[in-house]
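Single-structure report; data block below.
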Amino acid sequence: MLDPDVAEDFLEEYSSGNLSSRDGWAPVDKVDLFFDKAEDAVGRQNGRIGRFFSKCADLLTFNRRNRPAPPEESRKVVLNDPEANKRFRTNYVSTAKYNYWNALPKFLYEQFVLRLANVYFLFVGILYCIDSISPVLTSSRYGQLISVAFIVTVSLIKEIVEDTRRHVEDRRINRLGTFALGPKGQISWAEVKVGDILKISKNDAVPADVILLHSSSEDGLAFVETKQLDGESNLKVKASLPDISEQFSEPEDGLTAEGFVESEPPNPRLHHYYGSITLVGKNEEGGPTGGATTYPLNSDNLLVRGCRLKQTNYVYALVVNTGLDTKLMRNMKPKPKKVSSTESKVNFLLIFPICLQVIIVTTLTILNAVNCADTQSAWYLELEDSCTPLDKFLRFFTFFCTFANLIPISLYVSIEVIRGFQVYFITGDRKTIAFEHKPPVRLEVRTSSLTDELGILTHLFSDKTGTLTANDMVFKKCFVAGETYQDADEPDGSNTGVKEMSARLWEARDELQHLRGNVSGEVRDLMQLRDFNYLLAICHSVVRDDGLYQASSPDEGALVETARKVGFEFVQRSNKMITLNVLGKLEEWPLLGVVEFNSKRKRMTVVAQSPHTGRVVVFCKGADTVIFSRIAAHENALPTTEALDQFAREGLRTLCLAYREISEGFFADWSRRWAEAQLDPNREEACEVLSDEIESELTLLGCTGIEDRLQDEVPGTLKDLERANVKVWVLTGDKQETAINIGLTCGLLQDGMDVVVINETTLEDAEAQLDKAFGRWSYLLRDGKDSRHMGLVVDGGTLEYVLNSPEAERKLVLLGKVAKTVIGCRVSPKQKADIVEMVRKHDPKAITAAVGDGANDVAMIQAAHVGIGIVGVEGLEAKLVSDFSVGQFRFLRRLILVHGRWCYKRLCKVICYIMYKNLLLVSNEFYFAFFNAFSGQPLFDPWVTAAYNVLVTSIPIVIIGAYDADVAARYALEFPEVYRRTQQRTALRNTVFLKWVLSGVWQGTVIFWFTQVVFGETLIHADGQVGGLYSFGVLVFTEVVLVAHGVLFVYQSSWNSLLIFVAALSLCMWFWIGPVYSSQLLAFDLGMTRNLLGVVPFAWSQGTTWLLFLATTIFCVVPGYTAKYVDRNYRPTGKNLVQELMKRGLTRKDILEEPEDDLRKPHQLPHFSRRDMEMPMTSYAFDALKDTVDKDYGSRTLGASNFSVQVENARRKSDSYLDGDRGMYFDRDGVIDERMPRNSNEGRRGHRRVHTDNSWGHNISDEEIWES
C-alpha cells in the first residue's frame, strides 16, 4: 500500500524545482491519462494522494508545470484569505532546462530521439559488441561506442555549462527580498503568494504582477522604470485610484480590508490590463457596513514583475499574478525553431550515403551467401555449420558495421564546433561595435545555427523608424493658423521661424487668455497658436525627471520640448493635475481623463479643464487619416492637407492636432458611462464607442513635421546589398509620401527609375493594378529597360486585400522579383509578418531576413528565416526575439557580405570534405571484401578508423571552418558582387557534392589497387617476415591520410602561420598515433589494439612503402590541382577575378569609374506611375502609356497600330506568366500566329514573341528580359 506521506516527501524537492516556460512538455498518451487521473483525484478529495499523482505526472512529463494551464475567463483574488488564493501558482520561477529529476532522461531523449545520427552510431556500436555479428572480436570492437560516448559527453558538458548559468541566475532572482504586510514581514521573491499585500520601496524591483493600492506621493502617482521589460529607460506613470488609496493609507488598513479583485486571466500583454476591485465598506469603528463598491482597474493601476520603483518612497500593492503567470514570464515564449538551409541540405544529401550503404551491404550479403559453400569447404578455416540461414542473415549486420563509416560520425559534431568558432569571431569583430551607444553595443549572435544562412540571403525586409533612421526625433516644421513655422535653427526664406511664433505670443500675453468667440484675422490666428501650443504641452505622456523630459515616444519628447521653447512649458503632472508655465505664469489644469494611444486607435486624447473659462477641453492628436475623419463638417482641411503632403515629401513624420470644448454636463454623463464600460464584459468595444463619441466634431488646429535622421552609412549599405543582389523591402507605418522620400534619401529610389504606386480600396482594383504593372514592366523590359531601375510602392490598404488572395499574393511576389525595391507604407505589424510569410510561401527558393528595432517588428523578425534586431531607443523586444542583434543598420553590410558569406562557404567546404574523406576510407573496405571471401572482415582496426575521424582529420577541418577566407573582408566589401554566387548556393549544389563523392571513390580505388599491385595481398619484409592483413591495412590507411591532407591543402583558400602549424600537426598526427597503437602498452598490456602489435613500425620500415606513399599522393592530388588551375585561369568566376585583384593590391576605384555622387540624393525624381483616381477602374490602363514611355525613355518610331500590338503583347505576356503558358506570338491584328514556333528565339517581321516562362524574374539567363 502506497504511503502518501512518504511519497509526497519523496517528491517535494521536485515540486520546488519549477521548469522553464521555454522548454515545453512531453506529449505522451499514457502520461496524459495518468495526468488526467491525477487532476481528477485532486479535484475529488484535494488530498495527498491526488497531489502525489499530480507530482508523478510532473516527473513523467519532464516538465509538467510548464504545460499551459487551463484557460481562465478571469481570476478572483480574495483579500486577506490565503486559503481561497491557495490554488494559484507560487512565485518560484525557473528558466533552467534541467533539474535533478529530469536531467538524465531529458538529456538522453534529446540526444537519442531528436538526433537520429546518434541513434545510428549507437546501434552500430551495439552490433560490434555481439559476437555473432561483430567483424572484430578484440577490445577494438568498443571503439565505436567510445566514439559515441565522446560525442555525447561533449554535448553533456555544453548543456551542463549553459544550464548551470541558468540555475545560478534563477537562484539569485528567487532569493531577492521584499516586504509583505502582516506576520510574513521580510520574505524572498519565491515566497510571495497571490493575495499578499507588499510594501515596495524606492529603487526596489517588483517581484510579481501587483495592483497599486496606495502611493506615498500625495497625488497617488508612482513612477516605474521598465528597462528590464522593454529596454526603455524613461519613467512610466502609474496611479492608484483616489478612493482606494484612502482605504489603504496605513498598513493596518490593508490587513483588515475585505473584498476581492476580478482580474483578467494571465496573458503576455505587457501594456494591457483590465479588471475590477470590490471593497466592503467600513463604519467609523472599522466594522463592515454590509455594502460593497466596485472600482474599475486598467494598465495604469498595474505594476508588472520586473519593473523598478523610482521617485516614489514606497507603495502598497496587491499581488494578482505570480511565477509563470506574470506577464514577464508569459512573454518568455520559445523562439520559433529555425533550421538553416544548409542543415536541411545536409539531411537531404545524407540520403545518398545511406542508400549507397544499403546497396553495398545487400550486394555483399548476397555474394557472401553465394560464396558460403566454397569457404565452408576450406577445412583450415574451421567454418563448419556456418552457412545456416541465420548466419547468412547475420552477415548483413556484419557488413553494416564494416561500412558504417559511410555515415560520418563527426559531421554534426564538427558543424557545431565550427559554428562555435564562427560565433566567437563574429562577436569579436571590433568593426561591428556601435561606439555611439553608451555603453558601446556589440554584435550578438543569439542563434548560432543560422550563421551560414546569412551567406545566402535573397530578401531583406526592413523597418524604417529606428532601423534605417536613428529614431532621434527633431522638430522641424509645423503648420498652424495658415502659416508654416520652421525650426529656428534652420529657417529658410519661405517659412517663419518658431522664435517668431513665440514672439507673437509673448507680445499678446496679457490679452491671450481673454480671446474668445468667432473672430477673424490676427486675433483668430493668435487663438489658434495659443490652443496649438496648449495641446502640445498637455496632450502627452511625458514625465519630467530632474528637469529633463522622459518620453515613451521620441516624437512626444520633441513636441513637448518645442512647446517649451515657444513659452508653454510642461512643469509636472499628477493623476489630478497638469502644471504648466505659460509665458511666465504658472497654470494648473485639472486632469479629467486620458484615452491612451495604441496602434489600433492611432491617436491620443487628454481631457482637461481650462482654469480660465472652466470649460472642459478635449485635446486630440494622431494620424491624419484618423483626425480628418473626426473633425467637424465645416472645417476647411485643405490647407492642412497640402502642408501634410509637403512635410511628407520632405521625409518628415507628420501628426495632426485638433481639439473640442464640451460642457461639464456632457462630460459628467460621458464619464459615468466610461466608468461603466470599464466593467463591461465587452470592455474594448464599449470603450471604443465612447471614445469615438468624445473625439468627434473636432476643430482642426494644424499639423507637425518631425525629422527622423538617417543612421550613418545607410545609403552605402543599401547600395552594397543591391550589388549583392539582395532585394530590399522597406515596410513602414508612415505615410506614403514619407516612405517614398525615405526611399529617395536612402538611394532605394533613384532618378530614371520607373516606380509603380498602388493604392486601391478593393481586391478587384488591386489585382487590376498589379496586372497593369505586369504589362507595363513587360513592355519596358523587352524594350531594354534594366529591372534594377524599377520600384514598387504599395500601401497598407491595398495589402489588406492582397494578403487575403493567394492569386494576388503571387502576382505581388512576382513583381517584387523584378523590382529593385519594394516599399510598403501604412503597414501594420501583422501585415509585416504576413508579407514575409507571403514571400516564403510563393518563392520557396527565397531566403529572407527581417530587421527591426521595436516591439512592432517582433512578428516580422520571427517570421523570417533570419531575424536581426537593432538595439535602439525603442526597447529590447526586437533584440530579445532576434537571431542576431546589431547596434546600427550599417553593420549589416559586414555581417552579411563578410561573415555570412565566410560562414556559408566554410561550412559547405567542411561538409563536402567530411563526406569525401569518409568515402575515401570506406571504398577500400569494399574492394577488400573481394579478397576476404565476403566474410565482413574489416581492413582497418576499429581503433584506427576512430582515430581517423576524431583525431587525424578533425583538427584541420575545424580550423578551415573557422579561418578559411577565399576573399578578404576588405575585398568582400568592395566587391559585393561576389556574394551573388554564394547566394545561388553553388557551394553545396548536388553536382558539387557528387564531384566530391566521385573524387573519394576514384582516389580510394587508386590507393587500394596501387597498394595491391605493388605489395600483393600482404607485405613481405626483406628478411622474409610476412606482415599479414593489418600491415596491408596500415599501408592503405597511411596513403588515405596523406591523400586526404593533400586534397585539403589544394582546396584551402588562405594560409597563415596558424593554419600552417595545424596542417603540419594534423599530418604528423598519424605518424605519432600509429606507433603508439603498435606499442606493447596499448596492444599487449592494455589489450586495446592487439591486432596492431608491432605492425605499424614493420609496415613503415621499407623504403618501397615511402615511394608508394609519394606516388599515390601525387597521382591523386595533381588532377584536382590541375582542374583548379584550369578553371581559375581559363574559366574564371567573379570571385577568381577579385582574388587576382587582391594579389595585385588593386581596389574597386582602380578598375571602375563610378560617379562620386552615386549615393547622394538624386537631383531628378523617378517617374511615378499611379492610376488616376478619376480614370475608370479597368484591368489595364494603357491608353496613356505611349506618351509616358516616349517622354521618359526616348521617342519611338512605332506607328499607332504597331504600338497597340506592343501594348497588347505586353498585356498578354503578363497574363501568360500568371497562367503558366509556354509562349505565344501575335501579329499586327492581335491574332495568335500558330505558325510561329512556340519556343523559338526568332520572330518574323511584324511579330513579337511573348515570353511566358514561369521563372520570369528569376531566370537571369534570358537575354530578352535580363542583362546577363
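Cβ from N, Cα, C; glycine included.
What TrEMBL records for 78-136 is domain 'P-type ATPase N-terminal'. The transmembrane segment annotation in TrEMBL covers 112-130, 142-161, 346-370, 393-415, 910-930, 950-973, 993-1015, 1027-1051, 1058-1078, 1098-1121. The feature domain 'P-type ATPase A' is assigned by TrEMBL to 186-328. Positions annotated as ATP binding site by TrEMBL: Asp463, Lys464, Thr465, Glu556, Phe597, Lys621, Arg653, Thr732, Gly733, Asp734, Arg826, Lys832, Asn856, Asp857. Sequence annotations record features per position, and here TrEMBL assigns active site, 4-aspartylphosphate intermediate to Asp463. Positions annotated as domain 'P-type ATPase C-terminal' by TrEMBL: 881-1133.
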Considering pairs 6 or more residues apart, do the transmembrane segment (993-1015) and the transmembrane segment (910-930) have at least three CB pairs under 8 Å? yes
Taking contact to mean 3 or more CB pairs closer than 8 A (sequence separation of 6 or more), are the transmembrane segment (1027-1051) and the transmembrane segment (910-930) in contact? yes
For the transmembrane segment (950-973), what are the same-chain contacts with Cβ under 8 Å, counting residues 6+ beyond its ends? 147, 150, 410, 414, 417-418, 421-422, 425, 720, 893-894, 897-898, 901-902, 905-907, 909-910, 913-914, 917, 979, 1041, 1044-1045, 1048, 1052-1054, 1056, 1058-1059, 1062-1063, 1065-1066, 1069-1070, 1073, 1135, 1138-1139, 1141-1142
DSSP helix/strand/coil residue counts for the domain 'P-type ATPase N-terminal' (78-136): 23 helix, 1 strand, 35 coil
Same chain, 6+ residues apart, C-beta under 8 Å of the C-beta of Arg826 (ATP binding site), given in sequence order: Gly733, Asp734, Lys735, Gln736, Asp795, Gly796, Gly797
Among 346-370, 393-415, 910-930, 1098-1121, stretch most in contact with the transmembrane segment (112-130) (C-beta, under 8 angstroms): 393-415
Arg653 (ATP binding site) CB neighbourhood, other CB atoms within 10 A: 23
Please work out whether the transmembrane segment (346-370) lies in contact with the transmembrane segment (910-930), by counting C-beta pairs under 8 angstroms that are 6 or more apart in sequence and asking whether there are at least 3. yes
Going by DSSP, how much of the domain 'P-type ATPase A' (186-328) is helix, how much is strand and how much is coil, in residues? 27 helix, 64 strand, 52 coil
Please figure out which one of 142-161, 393-415, 1098-1121 racks up the most CB pairs under 8 Å against the transmembrane segment (910-930). 393-415
Contacting positions for the transmembrane segment (393-415) when only residues 6+ beyond its ends and CB under 8 Å are counted: 115, 117, 120-121, 124, 127-128, 130, 132-135, 144, 147-148, 151, 154, 343, 346, 350, 353-354, 356-357, 360-362, 364-365, 368-369, 907, 910-911, 914-915, 918-919, 921-922, 925-926, 929, 934-938, 945, 949-950, 954, 957-958, 961
Intrachain neighbours beyond the transmembrane segment (1058-1078), with Cβ under 8 angstroms and 6 or more residues off its ends: 941, 943-944, 947, 951-953, 955-956, 959-960, 963-964, 1034, 1037-1038, 1041-1042, 1045, 1048-1049, 1052, 1089, 1092-1097, 1100
Residue numbers, six or more beyond the limits of the transmembrane segment (1098-1121), whose CB comes under 8 Å of its CB atoms: 999, 1003, 1006-1007, 1010-1011, 1014-1015, 1019, 1021-1022, 1025, 1027, 1031, 1034-1035, 1038-1039, 1042-1043, 1046-1047, 1050-1051, 1074
Express the predicted model's confidence over the domain 'P-type ATPase N-terminal' (78-136) as a mean pLDDT, rounded to an integer. 83
Could you measure the widest C-alpha to C-alpha distance across Asp463, Lys464, Thr465, Glu556, Phe597, Lys621, Arg653, Thr732, Gly733, Asp734, Arg826, Lys832, Asn856, Asp857, the residues recorded as binding ATP, and give it to a whole number of angstrom? 25
